[in-house]
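Heads up, the thing below is written out as structure tokens.
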């Protein structure tokens, strides 16, 4: 008995039968996802609160609404995205039809994380279904309440001949990766991303890896400290800091640090009250393993704000660390929690040099009243995404691709980028079976005159020819 193998064979048979290709079928699956979100909103909010202590506001803004927006966008543009894309032609192909056809890969695997267990599961799923693929979904076993809904409720809204949910932990995921897929989409840590990529390489399966890293946040001396504090605190402590694009550390001068600390303290009190543990707006650490890891990081540098913790509640207070050394553990790993180290630099040049000697981050932030400073940080660094004078607001635009570079990942998605990620872009040229005299230039015996004429025909419209 091989239940998993049987499931994968069933899905492949459905794909090869052409079931997922029609626009009507794809639209029906997307509509089902939309109904799932609408009809189970409270159930999803409750599950997110149980798993991560997410407030209704955070759940709606960062999970349900974003997922619903992707569904709506895909439904509105599906037929336009599916259309063949006409391309320029050279003189030799003026009478032919040249286009790019967007084809589904086939059977795709989506492995989702626990920190945004709805958003980071459904947003890639929208792209995979819109592109006409059959999908195996592997939600995180760590966010167990959301996992239960995705396994038991979601399949009621989509065609189960083309969709399956696989449950389990690392062992089951490893078994899943032994099978051949046509595309793998993974969101998680760089360590596990390497395991996924190694497994995919055995079958030459293409992958998207949405990983993480240490996202820098540079703060210029000319900034208003309260404005910076408001924006940095909001996106550092959102979801208790368990966000892959959250700022992982602040780079600023000692003078700015002195102005920024009281502003951050004021903001944290305004956001979460005198007792943040009792605030309904502050999440909790997902499990004891992550809690213990984060509590150990509180010993790095010096605690300037916060630092309290409660193991029984998996609570870590919004914390700011100062006097942090570059080689301390808090600066050697992605924090993924409500802890914000401040690292002092003496100049913009030093900040840029500090950023560039580390792995390329998933996101990079620069605060300055000078647009030239922001543009200089943008120009002289590299990251998956960039935002000037705010936090992860670039994530709210489906018109911008989301993805990493280097150690923070490969590939991109959101909006049409998701559709393109899950589509094979097939180069197509349809020629006439007649008019053979027009092809005589390319046949032997060749001559200098024929060569000149052929090159002219091939180079028209700026095209070139590559023969492998």
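Using N, Cα and C of the backbone, Cβ positions are placed for all residues, glycine too.
Noted in Swiss-Prot for the protein shown:
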type	residues	note
ACT_SITE	210	active site
ACT_SITE	244	active site
BINDING	188, 189, 190, 191, 192, 193	NAD(+) binding site
LIPID	463	S-palmitoyl cysteine
LIPID	465	S-geranylgeranyl cysteine
MOD_RES	1	N-acetylmethionine
MOD_RES	465	cysteine methyl ester
Sparsest Cβ surroundings (other CB atoms within 10 Å) among the recorded positions 192, 244: 192
Surrounding CB atoms that lie within 10 Å of the CB of residue 188 (NAD(+) binding site), all protein chains: 23
Cβ-based neighbourhood (8 Å from the centroid) of the NAD(+) site, residues 188, 189, 190, 191, 192, 193 excluded: 186, 194, 195, 196, 211, 212
Residue 188 (NAD(+) binding site) as reference: those recorded positions from 1, 210, 244 with C-alpha within 10 Å of it: 210, 244
Among 190, 193, which are binding-site residues, the residue with the most C-beta atoms within 10 angstroms of its C-beta: 193
Recorded positions clustered about residue 210 (active site) [Cα within 10 Å; pool: 1, 189, 190]: 189, 190
Where residue 192 (NAD(+) binding site) sits in the secondary structure, as DSSP reduces it to three classes: helix
DSSP three-state assignment (helix, strand or coil) for residue 210 (active site): strand
Binding-site residues compared (189, 191) - highest count of Cβ atoms within 10 Å: 189
